[in-house]
């Protein structure tokens, strides 16, 4: 109890004030200047020069529109001779900050609602009607089971389903890709940015780009780094992948546009930087459900009014345009805050040197005697001062 009272009394009735002690020591003096020099280098080099701590910053607000161009031709037994243009392979026509280009497909033509055998697998093959449960529909089923076992071909029977017939068979994905020529298609990306805090706006079609240049240029990191027209094969290649391999099963590519603008300089120095990466990077050792695909159908009726459809399972590459960046401009408030923080950090040098002098050096007890002085209260008649 007495110990607690002594601690409380010391806390309430004692006051300490800094005492300046000049220590003539080459080691301590040099260490102190080295620490101060390191802190100054950090504040000036990192905070102000590299991080531009004297600037107010703002994040980018962006809008993106895209336009694909390219025509190719196919000639197959199922579709015959056919020309493919933008209206055929860009699905849908417009998306927000992205664009899907179909590069491969499995097409099932002239489907109508009827009864037909299911595609064979371990759950649909059968020997008799007893093997088929009427009314059932599995997750991967193409229709509703009728409960009958019917011939799929001359040697195999499967359960019959009520579905759009004939049902789709997607066991084999076409290789090479059906629209392998898409490698040479081009993509125009129009990007408008705005920094609301500074009321600054710009677009990636720079002021020095003419209509004639835009009709002939394609992006090249070395020769045409600011051309907003990209060859699809170049995008995939710069991300480190093969376009022909990716075109077979599909995938997702990211077109990254970075806007880092120093608004203390002229607006002409605020320029877009393009980079590319695959967003659905596959694990080679775990290649389950790779790529990107979806289905859509085109419906029509014959002269008798019977409804038909053409089902398309589309594989392709979705290009996501990702815009990011920040702008900075001089402002007195962050400048003063960082200057104050830097001055406060200089106190670390004193604290570090005190720790070494008072606890690590051979003459630490001698330095403690010079560092601390205890003075009693004369008003209480307790005596004079004591050095320690």
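Along the chain as shown, residues are numbered 1 onward.
Any Cβ shown, glycine's included, is placed from N, Cα and C.
Under the heading ATP binding site, TrEMBL lists 67, 68, 69, 186, 293, 294, 295, 313. Under the heading disulfide bond, TrEMBL lists 116-165, 126-149, 132-159, 217-227, 261-270. According to TrEMBL, the feature N-linked glycosylation site maps to 184. Annotation comment: TrEMBL describes 34-50, 339-361 as transmembrane segment.
Known features from TrEMBL, placed on the structure.
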residue: 67; record: ATP binding site; Cβ neighbours (10 Å): 14
residue: 68; record: ATP binding site; Cβ neighbours (10 Å): 19
residue: 69; record: ATP binding site; Cβ neighbours (10 Å): 12
residue: 159; record: disulfide bond; Cβ neighbours (10 Å): 26
residue: 165; record: disulfide bond; Cβ neighbours (10 Å): 18
residue: 184; record: N-linked glycosylation site; Cβ neighbours (10 Å): 13
residue: 217; record: disulfide bond; Cβ neighbours (10 Å): 16
residue: 227; record: disulfide bond; Cβ neighbours (10 Å): 20
residue: 261; record: disulfide bond; Cβ neighbours (10 Å): 23
residue: 293; record: ATP binding site; Cβ neighbours (10 Å): 18
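Each of the recorded positions 116, 132, 186, 270 was scored by the other Cβ atoms within 10 Å of its Cβ; the lowest score goes to 186. Among the residues 67, 68, 69, 186, 293, 294, 295, 313 said to bind ATP, no two Cα atoms are farther apart than 24 Å. Note: the CA-CA distance between residue 116 (disulfide bond) and residue 313 (ATP binding site) rounds to 20 Å. With a 10 A radius on its CB, residue 295 (ATP binding site) counts 13 other CB atoms from all the protein chains. With respect to residue 67 (ATP binding site), the closest of these disulfide-bonded residues in Cα terms is 261, chosen from 126, 165, 261. Cβ environment of residue 313 (ATP binding site): 105, 106, 107, 168, 170, 293, 294, 295 lie under 8 Å away, each six or more residues apart in the same chain.
Sequence-distant contacts of residue 126 (disulfide bond), defined by Cβ-Cβ distance under 8 angstroms and a gap of at least six in the same chain, are 132, 149, 157, 158, 159.
Geometry remark: residue 69 (ATP binding site) versus residue 165 (disulfide bond), CA distance 35 Å. Cα separation, residue 186 (ATP binding site) to residue 217 (disulfide bond), rounded: 11 Å.
Rounded to a whole number, the C-alpha distance linking residue 227 (disulfide bond) with residue 261 (disulfide bond) is 19 angstrom. Comparing C-alpha positions, residue 68 (ATP binding site) sits nearest to 184 among the recorded positions 165, 184, 217, 261, 270. Taking Cα separation as the measure, residue 165 (disulfide bond) is nearest to 184 of the recorded positions 184, 217, 261, 270. It is 14 Å from the Cα atom of residue 217 (disulfide bond) to that of residue 184 (N-linked glycosylation site). Geometry remark: residue 184 (N-linked glycosylation site) versus residue 270 (disulfide bond), CA distance 30 Å.
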